[in-house]
Amino acid sequence: MMFKQYLQVTKPGIIFGNLISVIGGFLLASKGSINYPLFIYTLVGVSLVVASGCVFNNYIDRDIDRKMERTKNRVLVKGLISPAVSLVYATLLGIAGFMLLWFGANPLACWLGVMGFVVYVGIYSLYMKRHSVYGTLIGSLSGAAPPVIGYCAVTGEFDSGALILLAIFSLWQMPHSYAIAIFRFKDYQAANIPVLPVVKGISVAKNHITLYIIAFAVATLMLSLGGYAGYKYLVVAAAVSVWWLGMALRGYKVEDDKVWARKLFGFSIIAITALSVMMSVDFMVPDSHSLLASVW
């Protein structure tokens, strides 16, 4: 029973979602030549770091989680694990994860993990989430760290490919998160969390969602234009972006914003999973003839 509680507090669903993006970044950089020990070290290392961040987040948010219908039954809210024990648990998970990334992958992968962790726990969870409408924007940077870590674990350098991945996954986070805030509007309102839909209104949030999806679409194409991914990836990226944008635009005419937001959120998961899979299998070796290479 205790094992289940210690697992729940790490938010396994979030860990799994991040692993898909880590695999995408890792295999994109590997270009068909997979170092399996490095692959395992990277996956486990990122999983432990993400788990640590989630436990710290649960500790920090236990007061506001009590006010939200979705989170009122979380382990720390119900007192199934003491706050002090959760802090020790989170710290041990983080140390293990960072050590695996440093010694099993490379220092760059570890430092990227540290930066993502600091942004998520230190900046987003401790301050921005509660005090600023821009909390989601800052938090998106930490959400984009896992695929970049996977990529840089292979390359050992932060190049244009890593920058494109950072842009893709950061931009994806915004409409994804705003959709959650819309269909969980009352929860965020009750907990006094200043997300955009609550502070500025759902109509303003819809405008932001549309603009971020357009920016996301452009960013996804950069992997092919830069010579990092092939035409199969390009077709899938274009298709999911157009479909997602179409869903966003239909939001201006719907009667039930919550139903629409749930559908938009659901497709966001499909979209990022499809991109992660396609960049894993349809990679290319960038050359001097790629469009971005001539600019970069």
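In case you wondered, yes, glycine gets a Cβ from its N, Cα and C as well.
Long-range contacts of the transmembrane segment (9-29) within the same chain: residues 39, 42-43, 46-47, 50-51, 54-55, 57-58, 74-76, 81, 86, 89, 93, 146-155, 161, 165, 169, 223, 228-229, 269, 272-273, 275-277, 279-281, 283, each at least 6 residues beyond the stretch ends and with a Cβ under 8 Å from a Cβ of the stretch. Summarising the annotation, Swiss-Prot assigns transmembrane segment to 9-29 (among others).
Beyond the ends of the transmembrane segment (36-56), by six or more residues, the same chain brings 9-11, 14-15, 18-19, 22-23, 26, 30, 86-87, 89-91, 93-94, 96-101, 104-105, 109-110, 113, 116-117, 120-121, 125, 142, 146, 149-150, 153-154 to within a C-beta distance below 8 angstroms of the stretch. The transmembrane segment annotation in Swiss-Prot covers 36-56 (among others), and the record cites sequence analysis as its basis.
The transmembrane segment annotation in Swiss-Prot covers 84-104 (among others). Beyond the transmembrane segment (84-104), the same-chain residues lying 6 or more positions past its ends with a Cβ under 8 Å from any Cβ of the stretch are 6, 9-10, 37-38, 40-42, 44-53, 55-56, 58-59, 76, 110, 113-114, 117, 149, 153.
According to Swiss-Prot, the feature transmembrane segment maps to 108-128 (among others), an assignment based on sequence analysis.
According to Swiss-Prot, the feature transmembrane segment maps to 133-153 (among others).
Under the heading transmembrane segment, Swiss-Prot lists 163-183 (among others).
Annotation source Swiss-Prot lists transmembrane segment at 209-229 (among others).
What Swiss-Prot lists as transmembrane segment is 234-254 (among others).
Residues 17, 20-21, 23-25, 27-28, 30-32, 147, 168-169, 172, 175-176, 179-180, 183, 220, 223, 227-233, 236-237, 240-241, 243-244, 247 of the same chain, all 6+ positions outside the transmembrane segment (265-285), place their C-beta atoms under 8 angstroms from a C-beta of that stretch. The transmembrane segment annotation in Swiss-Prot covers 265-285 (among others).
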> Which residues of the same chain, at least 6 past either end of the transmembrane segment (234-254), have a Cβ under 8 Å from a Cβ in it?
Replying inline: 175, 206, 209-210, 213-214, 216-217, 220-221, 223-224, 260-261, 263-264, 267-268, 270-271, 274-275, 278
